[in-house]
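Copied from Swiss-Prot, the annotated features are:
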type    : residues                           : note
BINDING : 10, 11, 12, 13, 14, 15, 16, 17, 18 : ATP binding site
């Protein structure tokens, strides 16, 4: 049976994760949060004092990427994420770990090490894959390719609300600066830079609600022959 694949790419804070989860639930597909993999690897390398030694200890870092001990569990509260048996669901969503992930994602050898792990998520009946290069690199054969974007300012505002909702301190100027820096790093990296696939459906969510974007996505996906 052919596995149907929906990709959602876009910059940090555009709403990819929330909408990918909604689509996966709607179509009863598997879900890949590729950003979580990079965050988990970044966190693991930081814990092992390797994040600042990527160049000098690259082989060791690649081995960590290949042997990353991770587990995803679905619960009533959402998806729980474990690293080496420890629940790191909240930890990996912090700005600091997001910066770790961006550093890791800029290293071609580490991206390659995570390539097959991501491909393995494509199982019947289908997959919703959320990331930066899902359509351009990991799943170019996807049935439906969505590129979700929004202005840096609107993404910063959303991120502040998200962090405050988690009980974390967040300053809009710091968040905006981090988003702009990550955008630049993601778009200018040599391997798999952040950009929409040539045949992607582009949605700017700056002035749209989650429900409005979700409807646009479902209409598009259904037009690409993926049925509910």
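Cβ from N, Cα, C; glycine included.
Within 8 A of the CB centroid of the ATP site residues 10, 11, 12, 13, 14, 15, 16, 17, 18, the other residues of that chain are 148, 150, 155. Summarising the environment of residue 12 (ATP binding site), the number of other Cβ atoms within 10 Å of its Cβ, over all protein chains shown, is 22. Of the listed binding-site residues 14, 18, the Cβ environment within 10 Å is emptiest of other Cβ atoms at 18.
In this view, residue 10 (ATP binding site) is surrounded by 26 other Cβ atoms within 10 Å of its Cβ, with every protein chain counted.
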